[in-house]
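This report refers to the structure that appears directly beneath it.
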Amino acid sequence: MRTVHTVEEIRAAEDALMATLPPGALMQRAVAGLVSTCARILGGPYGARVVVLAGGGNNGGDALWAGARLAGRGASVDAVLLRPDRAHPEGLAAFRDAGGRVTAGDDVRAGAALARADLVLDGILGIGGRGGLSDDAAELAARARADAGLIIAVDLPSGVDPDTGEAPGAHVVADVTVTFGTGKTALVVDPAAAAAGAVHAVDIGLAPYLPGPRTTVLEDADVAALLPEPGRESDKYSRGVVGVLAGSGQYPGAALLAVGGALRGGAGMVRYAGPDAVAATVRSRWPETIAGPSVAEVGRVQAWTVGSGLGDGRGADVAAAVGAGLPVLVDADGLRSLPDRFAGPALLTPHAGELARLLGVERAEIEARRLHHARAAAGRWNATVLLKGTTTLVVAPDGRVRVNSTGTSALAAAGTGDVLAGLAGSLLAAGLEPLDAGSVAAYVHGLAGQRAAAAGGYPSAGDVLQQLPAVLGSLRQADTAQG
Ligand SMILES: NC(=O)C1=CN([C@@H]2O[C@H](COP(=O)(O)OP(=O)(O)OC[C@H]3O[C@@H](n4cnc5c(N)ncnc54)[C@H](OP(=O)(O)O)[C@@H]3O)[C@@H](O)[C@H]2O)[C@@H](O)CC1
Ligand SMILES: [K+]
């Protein structure tokens, strides 16, 4: 599991850890990790042309110390000081001692150095940064992006907001970010995360001083541990019975995909509520499905998946499923018939456009502040909100957040959301709480999309569905091998 902490939590942990160490020792741990990543990426620092962009805080201090170490190992290093009056004193002294050249941001030499740099170290702002870059810093960042070989951000790309994942103004766009101690929201939540590039974490010994993380990024072992394991005595009821209220005459495929997602996701049984013609189509593909014309008449289930391809005019059925007092997932058209607040476990699965409609804001505003708006909706409806996107967010009403790392553009195809709705519904029926059901489903769905894409071409939702058993099988196998 990858952890994410707030700036406040990181500062408190750093203070506690620093109290046990000699002055400057913590920064030296960070610098050692940074330098070794730079050296590895450069294939050895000797002869490399490096430019350090240094702001007036400790982030600039890290970058200056790293520049000094790289100069000591034979690199040709220039430092551009954004705030010469506030440059980190020890870092700057070490940099000069190692033979580094120092220029101010407005010096023509700064532009020339950037134009021939193999590597730019972005030490303008770290976790102390607020708002976007100032104009002079923005110009240097743009030049670096246009001219330099590679940009490595120190701790996080300067100019993005550490705790929200928002990018309120000009910011560095890095190829790699070397981050210290724990993850930051800006490194996992878009749009800021898109500016971080590949993230390398450096252990500086902070973990014992950090609180349990509210935000996490699940990995294979976490997901495998959360997956319901069908035991020998399992029957169809203990594996979970899912009610699916999805699809319509206009969109029968949504019913097929949602039912398929539930069955392939491990449901012991699926009960489908919908018009006879659609039910017949569902049963011709999934003969094990039990069907009925409405939520009231379809029989007992342990969770409902509601809304994919439902079309208009099914508000009463949606209300019946939502009001059944069972865990419920609400997707797509079902989102137009939400109750004022949910009383029981609920998982909403909007994409940005649907969340925009729900909250009455522009879609661009959702994309710019994804975590903020997912949180707002989770609080407003007392439901866990799974906001789809390349980095899908799952936000519980109590503030816990899971960020999915397996997303792929291969999932940007019609019907993949219906598969996800069925899959997550099956996990709710198996007894997972909405945060677990949503984050495990997003993870598995992403891996299925990756596998389908690897098989060649542009995968369809049906291709993604077909990959679910293989993905679940390999996650379970790895778990068994480990445990
Ligand atoms: N503590 C430790 O031991 C360790 C710390 N480490 C490193 O320290 C970094 C945090 O350093 P930091 O706290 O000095 O803040 P940093 O991000 O350098 O910003 C400096 C100052 O810039 C200012 N400022 C803010 N926004 C601005 C803007 N838009 N445009 C212009 N200026 C702006 C603001 O000052 P203000 O203007 O508020 O006076 C702010 O205080 C951390 O990310 C990691 O790299 C590691 O070495 C591990 C050990
Ligand atoms: K930085």
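Backbone N, Cα and C atoms are what each Cβ position is placed from, and that goes for glycine too.
According to TrEMBL, the protein carries these features:
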- 58-62, 126-132, Asp155, Ala254, Gly309, His351, Asp418: (6S)-NADPHX binding site (BINDING)
- Asn59, Asp122, Ser158: K(+) binding site (BINDING)
- Lys388, Gly389, Thr390, Thr391, Thr392, Gly417: AMP binding site (BINDING)
- 10-212: domain 'YjeF N-terminal' (DOMAIN)
- 219-475: domain 'YjeF C-terminal' (DOMAIN)
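Features recorded in TrEMBL, as mapped to the structure shown.
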residue: Asn58; record: (6S)-NADPHX binding site; DSSP (3 states): helix
residue: Ile127; record: (6S)-NADPHX binding site; DSSP (3 states): coil
residue: Ser158; record: K(+) binding site; DSSP (3 states): coil
residue: His351; record: (6S)-NADPHX binding site; DSSP (3 states): coil
residue: Gly389; record: AMP binding site; DSSP (3 states): coil
Requested in this report: Find, for the listed binding-site residues Asn58, Asn59, Thr390, Thr391, Thr392, the residue with the lowest Cβ contact count at a 10 Å cut-off, counting only other Cβ atoms.
Outcome: Thr390
Report task. List, in sequence order, the residues of the same chain other than Asn59, Asp122, Ser158 whose Cβ lies within 8 Å of the centroid of the Cβ atoms of the recorded K(+) site. Result -> Leu53, Gly55, Gly60, Ala63, Gly123, Ile124, Leu125, Gly126, Gly129, Ala153, Val154, Asp155, Leu156, Pro157, Gly159, Val172
Query - Listed binding-site residues among Asp155, Thr391, Gly417 whose Cα sits within 10 Å of Asn59 (K(+) binding site) - result: Asp155
Requested in this report: May I ask which residues of the same chain, at least 6 positions away in sequence, place their Cβ under 8 angstroms from the Cβ of Gly61 ((6S)-NADPHX binding site)?
Outcome: Met27, Ala54, His88, Glu90, Gly91, Gly123
Report summary line: Between the C-alpha atoms of Thr390 (AMP binding site) and Ser158 (K(+) binding site), the distance in angstrom, to the nearest integer, is 22
Report task. Under 6 Å from ligand 1 by C-beta, which of these binding-site residues make it: Asn58, Asn59, Ile127, Asp155, Gly389? Sequence order, please. Result -> Asn58, Asn59, Ile127, Asp155
Requested in this report: Compare the Cα of Thr391 (AMP binding site) against each of the binding-site residues Ile127, Arg130, Asp155, His351 and report the nearest.
Outcome: His351
Query raised in the report: What same-chain residues, at least 6 away in sequence, bring their CB to under 8 Å of the CB of His351 ((6S)-NADPHX binding site)?
Result: Leu387, Lys388, Gly389, Gly417
Report summary line: Near ligand 2 by the Cβ criterion (under 6 Å), the binding-site residues from Arg130, Ser158, Gly389, Thr391, Thr392, Gly417 are Ser158
Query raised in the report: Across all protein chains in the structure, which of the binding-site residues Asp122, Asp155 has the highest Cβ count within 10 Å?
Result: Asp122
**Report entry** Winner by Cβ contact number (other Cβ atoms within 10 Å) across the binding-site residues Gly389, Gly417
**Finding:** Gly417
Query raised in the report: Given the binding-site residues Asp122, Ser158, Thr392, which one's Cα is the least distant from that of Arg130 ((6S)-NADPHX binding site)?
Result: Ser158
Query raised in the report: Hey, does DSSP put Asp122 (K(+) binding site) in a helix, a strand, or just coil?
Result: strand
Query raised in the report: Where does the mean pLDDT land for the domain 'YjeF N-terminal' (10-212)?
Result: 96
Requested in this report: Among the binding-site residues Arg130, Lys388, point out the residue whose Cβ has the most other Cβ atoms within 10 Å, with all shown protein chains included in the count.
Outcome: Lys388
Query raised in the report: What subset of the binding-site residues Asn58, Asp155, Thr392 lies within 10 angstroms of Asp122 (K(+) binding site), using C-alpha positions?
Result: Asp155
